[in-house]
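Feature annotation from Swiss-Prot assigns transmembrane segment to 12-32, 36-56, 72-92, 105-124, 130-150, 157-177, 204-224, 228-248, 257-277; the stated evidence is sequence analysis.
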Amino acid sequence: MNPYIVLLKPRVIWLLILSSVVGYVYAAGTVDWGRLAALTAAATLAVGGSAAFNHYWERDIDAAMARTARRPLPAGAIPPSNALVYSLALSATGILLGFYLLGPLPGVFVALGWFFYAVVYTVWLKRRTWLNILGGGFAGNATFLGGYALGKGTVDLPAVLISFAIYLWIPSHIWALAYKYREDYRRAGVPMLPAIIDEGKAVAIISALNIASAAYILWLYLVFGRGLPGLALVLAGVAGTVATSALALREKSDRAMWRMYKASSPILTLFLLALVFS
């Protein structure tokens, strides 16, 4: 894959872009394909720009971790100065498009999505505190709320409640991955939760958060969703998440934690698709 595409973290940002799209479709009722295309472009550029900036800012951390040592900057595929200019150009273009094409309120949320990931998470919190992902997770709220604001012209309580499905899922997902690579994080000096507390406590916290996230998603669909096809999708995600989380709590093994990570990964996507079916 082209290293400049890798800088965008496509395997990470696609879910945030999907949340923007779903927010719009869920709120709008009738889809304006031109506005949806503009939203997708602005979200992709802004979120992709923040991901590229994360690559630039964390290039020393990436070089110290076996999992990330082959990324474009530590591998020498792209000069850091190029990555910085690239990230800022994408970010600025995405944010400006958000305000110009989408309007003030959606534009604010596009900018906030960038800010929480690039500044709050990457610059302020990542190296300082295990609370890093709890601060940066608001980027997930912002992406959904931006799409919702575009579709409805405002942000209401249902929108905020639904956006917290993304916020709750992010730390449980990231911490489950960090548990597998906890030695990498310790070596790099990054205070991710599984790297700084007892492993048994980490398993308990991550598993409990996964179960809580699944329960919250199910409640959201029962309140705001409609239709059996969507309910079937949500129940499939909830069942896989709860079952593997309970197994991880009981076994407290690396294998069980990885199984939980893999099984719980699709639940947010399934929930977002269920909202579209509603």
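Each residue, glycine too, has its Cβ placed from N, Cα and C.
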If you count every Cβ pair below 8 Å, which range out of 105-124, 204-224, 228-248, 257-277 shares the most with the transmembrane segment (12-32)?
257-277
In terms of Cβ proximity under 8 Å, which residues at least six beyond the ends of the transmembrane segment (228-248) contact it?
203, 206-208, 210-211, 213-215, 217-218, 221, 256-257, 259-260, 262-264, 266-271, 273-275, 277-278
Mind checking which residues reach the transmembrane segment (157-177)? Cβ under 8 Å, same chain, six or more beyond either end.
19, 23, 26-27, 133-134, 136-138, 140-145, 148-149, 192-194, 202, 205-206, 209-210, 212-213, 216-217, 220, 224, 257, 260-261, 264-265, 267-268, 271, 275
Long-range Cβ neighbours of the transmembrane segment (257-277) (under 8 Å; 6 or more residues past either end):
15, 18-19, 22, 25-26, 162, 165-166, 169, 172-173, 176-177, 179-180, 203, 206-207, 210, 213-214, 217, 220-221, 224-225, 227, 229-231, 233-234, 236-238, 240-241, 243-245, 247-248
